[in-house]
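A.B. asks: Okay, these came from Swiss-Prot:
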type: ACT_SITE; residues: 158; note: active site, charge relay system
type: ACT_SITE; residues: 189; note: active site, charge relay system
type: ACT_SITE; residues: 344; note: active site, charge relay system
type: DOMAIN; residues: 35-116; note: domain 'Inhibitor I9'
type: DOMAIN; residues: 126-397; note: domain 'Peptidase S8'
type: CARBOHYD; residues: 250; note: N-linked glycosylation site
type: CARBOHYD; residues: 393; note: N-linked glycosylation site
type: SIGNAL; residues: 1-19; note: signal peptide
């Protein structure tokens, strides 16, 4: 997700201010009109941040009165392990004023973010669990350490989760909702991914605790700001429950490149949450997608049952690991099941194995490296400059 490209009247002002990291927008139909994410420089104090917000509010109100603008101004503030930012709905004059504040690092357009699943294939076999626990293909038995993620909290940042589904009985709670007022999974995507990372039947980390964080609507879309707000909530919740270092976060979603999105997931990882993300489903280089392009997180591409790159899967040097993503059976809202394909399905396999490793004492900082070290070098035609390592849980099988 690129940052805003201001019209020419702003360029002189931008050049005059401290050469901040102000990124130019690469265009695209996913831009949310007049909606922006403003990221502050490192080291900005609470007092400076609050003063900036007050100044922005006053400027916005003045410009609104002058021009009859219908923009709503500042919306939400974020503080993810010291990374301070906010989003809002501003006119161009207010954005010009924001850019002239030397406490501001950069500004981005807010953009649409979507889930990374593809199609439903009825009655497809479930094969992913057996594949990630064996060096050789074709084994349906899932072999795993008995700790199975016990004591680890996994945040499913998605379309919500059906918290009444028997797959999650006694291990799940609703967290927060940044997209609407409906605390259910009207899409099914979030329930499916949760079933893979921690479901009793279809899951990898079968004893992990689960938190539903809804950032995408029933239609499968949301905003970068809404995703960041959800991540901010996860870090705050984990800190309040003394779960940092014992938590994982799954992001089976994405959009075009966003430095703000990448910064947010990086700070969450640095705070002590293992972050797994989907590479994306456009058969393109994942470095142009966020949060997949954040180097600090574990980016998952999708493989097929015969150890090939899924035709839809993004690729590239930013990909850390392949994981099963084609025709994956998992939970569906209402107590049922469904089969989906996508890098959305690969990411929760990685998240679940990562959570299991955390339960075994591997540190958050080392989980992704460990996965890459022990992964099976079996993926055929993985893509240009892309790893051929397939996720493996270290079962010894």
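Just so it is clear, glycine is given a Cβ too, placed from its N, Cα and C backbone atoms.
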A.B. asks: Should residue 158 (active site, charge relay system) be counted as helix, strand, or coil on the basis of DSSP?
C.D. replies: strand
A.B. asks: Count, for each of the recorded positions 250, 344, 393, the other C-beta atoms lying within 10 angstroms of its own C-beta, and report the residue with the smallest count.
C.D. replies: 393
A.B. asks: Where the distance is taken from Cα to Cα, which of the recorded positions 158, 250, 393 turns out closest to residue 189 (active site, charge relay system)?
C.D. replies: 158
A.B. asks: At a 10 Å cut-off from the C-beta of residue 158 (active site, charge relay system), count the other C-beta atoms across all protein chains.
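C.D. replies: That number is 29.
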A.B. asks: Please report the Cα separation of residue 250 (N-linked glycosylation site) and residue 158 (active site, charge relay system) in Å, rounded to an integer.
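C.D. replies: Counting only the Cα atoms, the answer is 8 Å.
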A.B. asks: According to DSSP, folded down to helix, strand and coil, what is residue 393 (N-linked glycosylation site)?
C.D. replies: coil
A.B. asks: Do me a favour and check the Cα-Cα span between residue 158 (active site, charge relay system) and residue 344 (active site, charge relay system); whole Å is fine.
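C.D. replies: If we compare the Cα positions of residue 158 (active site, charge relay system) and residue 344 (active site, charge relay system), the gap is 10 Å.
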A.B. asks: Around residue 189 (active site, charge relay system), how many other C-beta atoms are within 10 angstroms of its C-beta?
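C.D. replies: Cβ-Cβ neighbours of residue 189 (active site, charge relay system) within 10 Å number 30.
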A.B. asks: Could you give me the DSSP helix, strand and coil counts for the domain 'Inhibitor I9' (35-116)?
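C.D. replies: Residue counts in helix, strand and coil order: 30 helix, 33 strand, 19 coil.
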